[in-house]
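Here TrEMBL flags B:D10, B:S11, B:Y42, B:G43, B:N74, B:T75, B:T185, B:H186 as substrate binding site. According to TrEMBL, the active site, proton donor/acceptor annotation covers B:C73, B:C184.
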Number of protein chains: 2
Amino acid sequence: MDNRPIGFLDSGVGGLTVVRELIRQLPQEEVVYVGDSARAPYGPRPAEQIREFTWQLVRFLLTKNVKMIVIACNTATAIVWEEIKEKLDIPVIGVILPGAGAAIKASQTGRIGVIGTPMTIQSDIYREKIQFLAPQIEVISLACPRFAPLVESNEINSSLAKKVVYESLAPLAEAELDTLVLGCTHYPLLGALIQRVMGSNVSLIDSGAECVRDISVLLNYFQLNRSWSAGSSRHQFYTTASAKSFQDIAESWLKQTIDVEHVDL
Amino acid sequence: MDNRPIGFLDSGVGGLTVVRELIRQLPQEEVVYVGDSARAPYGPRPAEQIREFTWQLVRFLLTKNVKMIVIACNTATAIVWEEIKEKLDIPVIGVILPGAGAAIKASQTGRIGVIGTPMTIQSDIYREKIQFLAPQIEVISLACPRFAPLVESNEINSSLAKKVVYESLAPLAEAELDTLVLGCTHYPLLGALIQRVMGSNVSLIDSGAECVRDISVLLNYFQLNRSWSAGSSRHQFYTTASAKSFQDIAESWLKQTIDVEHVDL
């Protein structure tokens with residue numbers, strides 16, 4: 001048993017989709033979350049800057065005595081997960097391998113779509129990981145640069161959101177996918193819209209939700225679960241931008257009241 | 001990368017349900033399987049004997065230079081997984097925690113059923129692991145002692161099988177489950193029958209299939225994946241009983257021709 005919290009980092013609020021799944025699947029665990037909304041989205045930034053920002057978030061989490069770090073951001077995972085995992089002596093989990101594995105499991109036809117930020121799609125890491133595991137699978141990738149900013153500005157159900165989602169996904173209409181990876185942790189907040197555009201025959205893979213299975217596997221394997229006798233969880237949330245607007249999105253998504261502090265990195 | 005095979009053990013043919021998922025999800029991996037059909041089922045045996053038999057199977061797999069051992073048998077996992085995991089310096093995976101985690105993830109109502117061998121149900125290990133992770137969940141357990149022998153004798157679609165499945169699951173009719181864990185790796189071979197009796201609103205959790213997600217997580221985490229450049233996989237199957245009857249069941253289940261050798265432990 002290990003009663004320390006699990007650290008989550010994201011470019012902004014997207015990683016909250018992972019936290020929501022964690023709270024549902026592993027309700028006794030405690031979360032320290034840091035979102036870099038002041039500099040979100042990471043997707044269009046150069047790789048070296050993403051690397052530097054992500055390490056800043058990691059160092060911040062380490063000051064909070066975390067037992068594990070979850071890089072709840074596909075872009076950061078694509079660029080710097082392996083390096084961070086190498087350097088730290090606690091487990092470090094990214095969101096890409098879990099999403100890739102779940103997509104392979106879900107797909108019957110072997111035609112898998114991936115949507116993500118420009119950097120994630122440009123890195124081609126989903127194709128690499130999916131075909132590393134199962135080379136017969138065809139991967140069709142599409143960058144959706146307008147999705148994460150919609151979510152960061154809490155425009156999840158607006159008519160603008162509908163328009164953007166319809167327009168952005170149009171290139172996939174003829175792709176004959178049976179599975180679509182939401183390769184950015186912001187996208188599950190647009191999940192209902194995306195499902196409507198793609199049709200009910202396409203399975204959406206929430207890379208963040210899948211990542212909670214990995215968290216659970218490694219907590220079990222390394223015997224790091226938090227004990228129930230440690231009392232109820234007190235999650236901590238930090239953002240580099242406005243605490244108020246982070247709190248609005250987080251409370252509506254997590255369906256609970258939370259405390260948010262602003263932090264300068 | 002690590003091109004050595006993964007070792008699987010089971011009391012008999014049930015673990016083939018895990019192998020089938022492995023071949024589907026991780027087709028580049030290579031399998032060494034040993035089934036103790038001569039002494040199956042393990043379910044009604046005393047714990048000390050299950051422990052001794054399982055260690056014999058583990059020692060056999062170690063002679064095959066495996067990189068990981070999968071205890072593809074719920075009964076053996078319940079009794080001896082933790083001890084084997086402690087003693088070996090390669091990863092050792094059981095089927096119970098994966099099944100428990102997947103059931104928690106699947107259940108919306110928090111009423112989960114578990115069916116298994118008498119020993120698995122008597123050990124109460126599914127309830128223990130599920131409530132360790134999520135204590136609010138109610139677990140309704142039922143031993144189905146007649147299921148594994150049906151599968152070992154390849155009576156999967158017979159009228160006897162239908163009768164046994166209907167009769168055995170009758171006590172769950174009023175239990176208002178939304179999720180049922182197939183807590184024995186033999187049971188997915190009766191999956192279609194079980195689904196028909198339980199109704200389409202109950203999600204069946206195949207503990208073996210879920211276990212392949214854990215295998216994948218740990219292969220990735222420890223960087224033990226087999227390289228594609230190592231060539232196509234040559235699986236090896238061993239049974240303590242008749243090679244012929246093992247082969248009949250295995251080939252129809254795995255939908256490929258395989259070689260089976262008899263082995264005395």
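Note that Cβ sites are derived from N, Cα and C of the backbone, with glycine treated the same way.
All features noted in TrEMBL, drawn onto the structure.
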{"residue": "B:D10", "record": "substrate binding site", "DSSP class": "strand"}
{"residue": "B:Y42", "record": "substrate binding site", "DSSP class": "coil"}
{"residue": "B:C73", "record": "active site, proton donor/acceptor", "DSSP class": "coil"}
{"residue": "B:C184", "record": "active site, proton donor/acceptor", "DSSP class": "coil"}
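Sorted by the number of other CB atoms within 10 A, the active-site residues B:C73, B:C184 start with B:C184, the lowest. Counting only residues at least six positions away in the same chain, the Cβ atoms of B:S11, B:T75, B:G116, B:T117, B:P118, B:M119, B:T120, B:A143, B:P145, B:A148, B:C184 sit under 8 Å from the Cβ of B:G43 (substrate binding site). Cβ-based crowding with a 10 Å cutoff singles out B:D10 as the top-ranked of the binding-site residues B:D10, B:Y42. Minimal Cβ crowding within 10 Å, among the binding-site residues B:S11, B:T75, B:T185, is found at B:S11.
Binding-site extent for substrate: residues B:D10, B:S11, B:Y42, B:G43, B:N74, B:T75, B:T185, B:H186, maximum pairwise Cα distance 12 Å (rounded to the nearest whole number).
One way to see the shell of the substrate site is to take the Cβ centroid of B:D10, B:S11, B:Y42, B:G43, B:N74, B:T75, B:T185, B:H186; the remaining same-chain residues with a Cβ within 8 Å of it are B:G12, B:G14, B:G15, B:A40, B:P41, B:C73, B:A76, B:T117, B:T120, B:A148, B:C184. Other Cβ atoms within 10 Å of the Cβ of B:H186 (substrate binding site), summed over all protein chains shown, number 31. Residue pair B:H186 (substrate binding site) / B:C73 (active site, proton donor/acceptor) shows a Cα separation of 8 Å. Taking the Cα atom of each, B:T185 (substrate binding site) and B:C73 (active site, proton donor/acceptor) are about 6 angstrom apart.
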